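Participant: Let me begin by handing over the structure; questions about it come next.
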Amino acid sequence: MTDVLVIGAGPAGAIAALRAADLGARTVLVTSSAFGGMAANDGPVPVRTLAYAARLFRGARQLDQYGIAVGEPILDYSRLLARVREILGDVVAHSSLREQIDAAGVTVYEEAGNASFADPHTIVTESGLRLHAEKIIICTGGVGRRDLTPGFELTNTHSSALALTEVPSSMLVVGGGATAVQVASIFKAFGSQVHLFERGPRILSTEDADVASAVTAAFREAGMIVRENFGDIESFEKTSTGVRMNFRKDGTRDCAEAALIVMATGWVADTAKLNLPAAGVLSDHRGFVKVDPYLRTSASNIFAAGDVTGQLMLVPHAIQQGFLAASNALLGPTTRLDEGVNTSAGFTDPEYASAGMTEAKARETHDIVISTIQFDSTIRTIIDGRKVGFCKLIVDRRTAKILGCHVVGERAVEIAQVAAIAISAEMRVDDLARVPLAFPTYTGNLAYAAAAAGRQLDLQVGWAGDAASRY
């Protein structure tokens with residue numbers, strides 16, 4: 001019998017398998033499709049590639065401001081998709097993680113088809129494999145939510161939208177999370193007339209309210225139609241020019257039409273075919289596997305990690321959970337999942353990123369100080385003509401420790417990563433303010449925000465305080 005069997009080869013599964021092998025376990029990794037999961041093959045990698053192309057497209061239109069004469073840029077979408085495929089192949093070919101897994105002696109079964117439990121220690125796959133293990137780690141991820149709305153088959157997922165042969169003249173994106181806003185932003189940059197419909201009161205509902213507000217304002221300024229609280233969808237129907245979405249709010253019917261409709265309304269767990277009851281594993285109404293703080297399921301020998309748990313469905317958290325699940329499976333459930341430094345990001349125009357607590361969450365348990373540096377008043381953003389956005393720090397008034405950082409604008413993702421390190425290290429805001437960061441840089445705005453917070457707390461903030469006041 002194998003010591004550890006990992007189901008799924010996305011970020012969580014790959015790291016879980018590697019960690020188990022590093023701990024000396026005989027480890028098997030089985031995946032229904034290709035190694036790398038959605039992150040490499042259908043999610044972050046292709047989305048980031050298209051977002052980078054959108055950024056280049058935007059930058060080309062700005063060249064004239066710097067004395068560089070070029071014509072209006074023209075997008076060849078088929079060539080762009082070819083580049084996406086090339087990059088995907090390159091990422092897989094140069095995956096050091098796969099090399100490490102092979103070197104560690106993990107047995108890998110790719111393209112095995114869906115797995116299902118026969119009992120708590122046994123799975124069978126559609127390809128005919130029957131595998132037994134002492135410990136099993138479920139890392140099957142999630143899939144886009146489907147529903148029974150009449151005409152739903154006329155809509156697209158983000159995956160099919162990203163594989164189009166040409167840019168549609170118009171697009172209606174339903175949803176307000178990271179996937180929805182990134183798809184909307186990419187195709188707006190490529191020339192589509194984009195409508196973004198969100199059922200709730202605002203897009204990016206899990207982000208800080210200021211982030212959601214700033215991204216919404218920027219989208220509208222760029223000509224995107226953003227509609228919140230639009231009501232309930234009743235049906236979809238084909239028209240001569242595309243697809244119409246019929247919806248109702250407060251008893252009033254309305255409709256919206258576009259050449260293409262993309263549904264990005266969230267994820268459900270990819271567990272429908274796992275036969276979880278046979279293993280004694282409990283799940284919720286969306287199929288997400290229920291786990292305790294040690295990532296152990298209701299079956300004592302089975303753990304779960306990544307999107308399949310329904311927690312923060314992002315690559316960094318999947319990696320963290322995969323490592324922890326394997327450690328607890330083999331060493332005993334002794335290490336709890338640490339969610340103190342949650343990070344998130346969106347490669348939209350403008351970018352947004354966060355680390356740590358939102359302002360609303362921090363106010364529940366802390367007396368806080370807020371400092372915000374606007375991008376329209378800092379040297380690097382002025383130089384680059386990227387003056388939309390801000391860097392916001394949330395600081396505990398008593399300890400001066402940084403609780404959260406929220407950024408909108410150019411290089412937002414990189415700025416927030418530095419803040420995540422500071423939060424994880426439990427740095428005081430005045431210590432961060434005194435770090436001599438290069439000038440002029442986007443990350444320097446983080447030091448300026450730290451200095452501004454430090455001054456509110458009557459702390460000595462050094463050179464950054466002087467620079468922030470002078471520049």
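Even glycines carry a Cβ here, placed using N, Cα and C.
For reference, TrEMBL lists these features for the protein:
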type: DOMAIN; residues: 3-322; note: domain 'FAD/NAD(P)-binding'
type: BINDING; residues: E198, G266; note: NAD(+) binding site
type: BINDING; residues: D307; note: FAD binding site
type: DOMAIN; residues: 345-447; note: domain 'Pyridine nucleotide-disulphide oxidoreductase dimerisation'
Participant: Could you say which of the binding-site residues E198, D307 has its Cβ with the most other Cβ atoms inside 10 Å?
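Facilitator: When each Cβ's neighbours within 10 Å are tallied, D307 leads.
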Participant: Counting by DSSP, what is the helix, strand and coil composition of the domain 'Pyridine nucleotide-disulphide oxidoreductase dimerisation' (345-447)?
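Facilitator: Tallied per class, the domain 'Pyridine nucleotide-disulphide oxidoreductase dimerisation' (345-447) gives 38 helix, 30 strand, 35 coil.
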Participant: Can you tell me how far the Cα of G266 (NAD(+) binding site) sits from the Cα of the residue listed as 'FAD binding site', in Å?
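Facilitator: Here the two Cα atoms are 12 Å apart.
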Participant: Rounded to a whole number, how many Å is the Cα of E198 (NAD(+) binding site) away from the Cα of D307 (FAD binding site)?
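Facilitator: Between the Cα atoms of E198 (NAD(+) binding site) and D307 (FAD binding site), the distance comes to 22 Å.
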Participant: If I take every residue in the domain 'Pyridine nucleotide-disulphide oxidoreductase dimerisation' (345-447) and average their pLDDT values, what number comes out?
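Facilitator: Its mean pLDDT is 96.
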